[in-house]
Ligand code: ACM
């Protein structure tokens, strides 16, 4: 580690934050200081430097030969070390870049009291998610490493995943100890019987067999070759059991995604919501517009997209080629998981706009706005022909790449003030008699919904796709700001996926400890809070509109696979139970008793989960 060259101290004044940056005396304080901080820096508050640029989290300050710099971030909290500015570097007129290692970091916080401990319960082996029924039977069954499996269909791929998980080498053959049988059961239901003479998994077909094999894999991983006999009857509560990964804010390699898909299958998730585009990066190769990834997938010093988030001068990024996408989609399908791609529009489009300004920018647009993440140029213009050319060509390729029925179009967090000084938008509003700029968002999304429908696809989006009241009821709504937004959308006739941040956003910090990384705009999120999520309250009349649940992992702070594991596990096991198990079969104490066995499984698989502390 190089010697620290910058110290950071934070103080509070009412709701405002003041940050002091102290540069080491040996630094030549000329040129620019660059860093990333996911807060708005008030330019008028700066002392010791002047603001040259503020784009999203990125700030460039012109130094004034002073070593002490201070500025205010108005009306915002800073409660943990992962909030602090990162990626400091200096640039000089002769373009020499110098990363600045950070030394003292003082948040001026006292540690909060520790959270209450997890219930003290005797650990017991079991399954996650909790099945509808699990009875212990007398006796044990010894499953040899090389056992044979018979099934009324080819199931080599199901066995391959089972073998990979358990380290066994089961093979499809006659004369079997493990029999997969057809039974008239609903789509994903299964019965698993382990008796002293053999193992039987009954289901209506592959989805049920797969779940039965995953339950068996969990049992094998907890008991080794001598399996206590059990009878399991099981079926999911919800048909949509999703995990969301943001690959735009930080890029995750194909291997990390495949690994996550395998973990998802073990816990019976069946939807992977893949967030592929955002302000900070466009990750999907689009043949019609190579610039989207050549320009939009990279950020760094001197690039059209500035450093962001974890920052630093070096080019940072990456994209998924169409071949890699097909590979991931096929891997997911083999695990019973449908991939739902997200192209986030009309907001969250900074990277796309920087890549294709000639199509996506209206030069005469004088609108002033600032997005929640401090971008001032991140919204598509619903009145530009180029916007439609762009979207249709992108959706053509997206629909060809992703065979599932749902395409996610974002729709979230379009900032106030956008489009208001756009001559093209004003003309479009007059032409259609629109009164509220939100109708322009509806106008654009309705066009896309119809375009997708023409290709046999259904639109899904965040709850704001209802803004402007133009998108039809067939659109699936993902509720994220609160559960009630989902209930309202369901009552209005939309199919709904529940992803309320207060229960299911796994990028939220685990606790109030300032050392815990994570966001906290919707509070912090411990295991019990995830477990408590009730996505379809018993007395809610439109319950059948609720398709299921989704646990998002947004990527602002997910800079490594270790961080990804830490934020996801074991909270994702609680989500699995929210998604799969009927409320009457859930028990917090029971979940806590089954947790140690599952943590052992995760540990053996190299998952760097957060050891439960509360
Ligand atoms: C969201 O978290 N902006 C959907």
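Backbone N, Cα and C define each Cβ position, glycine as well.
In TrEMBL, annotation is done automatically, which means it is predicted and not curated.
Within the same chain, residues 7-12, 78-81, 84, 219, 222-223, 228, 511-514, 526-527, 588-589, 592-597, 612-614 sit at least 6 positions outside the region 'Disordered' (105-125) and bring their C-beta atoms closer than 8 Å to a C-beta of that stretch. Among the features that TrEMBL reports, region 'Disordered' is placed at 105-125.
What TrEMBL records for 111-120 is compositional bias 'Pro residues'.
According to TrEMBL, the domain 'Beta-hexosaminidase bacterial type N-terminal' annotation covers 125-235.
Feature annotation from TrEMBL assigns domain 'Glycoside hydrolase family 20 catalytic' to 238-582.
Using a 10 Å Cβ-Cβ cutoff, residue 413 (active site, proton donor) registers 17 neighbours. A coil conformation is recorded for residue 413 (active site, proton donor) in the three-state DSSP classification, outside any helix or strand. Residues or ranges marked as active site, proton donor by TrEMBL: 413.
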Model confidence over the domain 'Glycoside hydrolase family 20 catalytic' (238-582) (mean pLDDT, whole number): 98
